[in-house]
Structure formats: structure tokens, C-alpha cells
Amino acid sequence: MKKNVKKVVLAYSGGLDTSVILKWLEDNYKCEVVTFTADIGQNEDLKPIKEKALKLGIKKENIFIKDLREEFVRDYVFPMFRANAVYEGEYLLGTSIARPLISKYLVEIAKKTNADAIAHGATGKGNDQVRFELGAYALNPNIKVIAPWREWDLNSREKLLAYAEKNGIDIAKKKGKSPYSMDANLLHISYEGLVLEDPNHAPEADMWRWTTDPKLAPNESEIIEIEYKNGNPIALNGKNLKPHEMLNELNNLGAKHGIGRLDIVENRFVGMKSRGCYETPGGTIMLKAHRAIESITIDKGAAHLKDELMPKYAELIYNGFWFSPERSMLQALIDKSQEYVNGKVKLELYKGNVIVIGRESKSDTLFNVNFSTFEEDSVYNQKDAEGFIKLNALRFIIAGKNGRKI
């Protein structure tokens, strides 16, 4: 028995899967379909998506395409990078961080159009179904969610193609379309499937679509300077940039120098292990730069606490809990830590490497050469270290005198 749905907002990419879903919703739910397409920097011409939706019978007023690049970077990517968030030590969360923004607009458009449900094209095996739906329920507990991949029997590409042909859905292949399952936005490109399902099979050289092969990158390194204010990058080489402009420029620089390639096996929230390859050129530069400016502006205790909390914060984003109270609590703590993260970082980019070569903060540095110098100084009494060491060694001394062995 299908849910009683009169109108549904579909997260629509214009591809085979979501085009089939569009017709399937009409056929199986007998409902009106509204489409929503987010421009989050996937570098794709979105005009054909609107034309395809019209061709499939969607009313002009029911087609929504929004440029969310600035909001995506400003309100999602930058807060995440203020935390130095990395999942399982390597993954920069490029797919994970985009899902809550899409959920937000699915819910907003549903309210605007008086729709009673939303729908997405995520499969029943992956993390995205969780991310989309947790976000939607957090923002509207009364929303209905339709996930066709968990309902229908179109469980193979052959069946999808047959359904598309039967319903007059254009299935012409895009020129140069990747055979891999891909996700792209302004932060990254991900690749899954095919030969990558064997974790011991090296990716094909032509799989990588964004970054230069590090071996073929320029033989001359390039030095850049990023300026930070309250933990956010605001200027590149002296030029002030908006958040999405900053990430775009860093992407171009990183891609040119072969920076940001990653091949990992990760633990999905739904329980299985999955192999994925990622290109995150600008994000890789930002992470290195942000940690560098933090190194001279954040107090030791605050920095260590932040590093202890980061894996939990990253896991919350990976698992789809962006709109949770615990993520908001952690964000407040993280943002408080960024109050004095102001200054400039110099980096050298060379054949896949991001090398920090300088950092300064004229207003907020905690680095004081008078205390740390190896030369003679007049501010630090080295004799003080003796008592400090004895107090920290006291438990070892007591245990040793009591016959305890390590």
C-alpha cells in the first residue's frame, strides 16, 4: 500500500536513475512531481536538466534549480574545515557535507509548493539515504519520504533502461560520461564501482577527471599565501575572495599541481566497507593551511581538546547528523576556538604535496621567540623545569619505590 501522497519534491539530477524515478512516482503514487536541482559546483550545465524535466511533463512552475555554491561553502564547508574534520583519518567528507544542504531545500520547496513528501535517488545500501532522510526529519518531523530504491523491483541497469524506453525517457549517453558511480561538487569528486570494487585493483589512470597526475604536474613549485580571519580563509595572495571563489581558486591551484587524490576503504554507517577514490584539491590545501595558522594562534589545551573531539564531529557529519543538537554543540565549541585564528600562511605546492613554509599572526600569535629561543634569554628560568619534572614524575617514583614494574 503506497503512502497517501498528492505532491512530492524529487531531488533531480537529470540522469537515468532520477528520470526513471520521476515517471515511477507518477505511475505508482499517482501524484504531482516537483523537481529540485542544486548547483553546488558540480561543473555541469543545468539548462538541459530543466529541458528534460519539461519534456517529461513537469510543469514549468514545478521545476526548481538553485545556485547554492556560496551557501554550500560558507555555511557547510567552512564550518567543517574550522574543525579540521577528517573521517577515519583520511576522508575530507566531500559527499557527506553536501547532503544536509540538499535536504534543507527539499523541505523548504515542499513547504513552498504545499507538497506532502520528498523523494531521493539514493540506494538502500549507501549512506546517502540516511543523510537525506535524517536531515529532512530534523527540519520537518511530519514530512513523508519516498525512497524508490527501497521499494521498486528495478534493481538492475537493464531494468532501468527498459523502463526508460517504455516511458519515452531520453537515455542518450553524455559524451565522455564516466562509467564509474560519481558524485561531484565544489569540494570534491568521488568515484565508486566497477574495478574499484576490488580493493587490490589500482584505479585506471584515466579515471581521475580533475587533478593532474602528480608525476606530470609542473616541475616548478608554486608558493601561495592564504589569509585567515576567525578560522576562515578570506584572501588568496592578497586578494579578498568570497567563500565559493576561494574554494574554486584553491581547486584550480591544487588540480594543477596534482594535489588531493585519495584511495581509501571506509566504513559506511550502514555497516559495510566500501572502497572509494576522491579528488579534493582545494580542501586538501585548506586543511593544511588551517592547521598551520591554528598552530600559532590556539592555546595548547584548546588545540588538544579540539583534536580529541574532531573524530566525533567528523563521524556525525559522515553519518548524516548535521542538524543534530550534538553537532550544533560541538560547532559552538569549535567556533569559540576560532576567535583568535587570524593571520597568514605561506604554502608551497609541488607534485601532489602541500608544504607549509611560513605562518604569521601579527595580532594573535602565541609564539614568543623570547621563550622558545635556543639562544640566551632573560625571560625563562631553566631551573624552574626541575620542579615541574619532579612533580610529574612523583607517581612513577612512588610506584617504583613500592616495587611496581612497568
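Heads up, the Cβ atoms here are built off N, Cα and C, so glycines get one too.
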> Out of Gly94, Gly121, Gly124, Gly126, which does Swiss-Prot tie to the same ATP site as Ala11, Tyr12, Ser13, Gly14, Gly15, Leu16, Asp17, Thr18, Ser19, Ala38?
Replying inline: Gly121
> Counting other Cβ atoms within 10 Å of each Cβ, which of the binding-site residues Gly15, Gly121 scores lowest?
Replying inline: Gly15
>> Please identify, from the binding-site residues Tyr91, Tyr278, the residue with the sparsest Cβ neighbourhood, meaning fewest other Cβ atoms within 10 angstroms.
In response: Tyr91
>> Tell me which of the binding-site residues Ser19, Thr123 sits in the most Cβ-dense spot, judged by other Cβ atoms within 10 Å.
In response: Ser19
> Among Ser13, Ser181, all listed as binding-site residues, which has the most CB atoms within 10 Å of its CB?
Replying inline: Ser13
> In which DSSP state, out of helix, strand and coil, do we find Ser19 (ATP binding site)?
Replying inline: helix
> Taking the centroid of the Cβ atoms of Thr123, Asn127, Asp128 as the L-aspartate site, which other residues of that chain lie with their Cβ within 8 Å of it, listed in sequence order?
Replying inline: Ala122, Lys125, Gly126, Gln129, Val130, Arg131, Val270
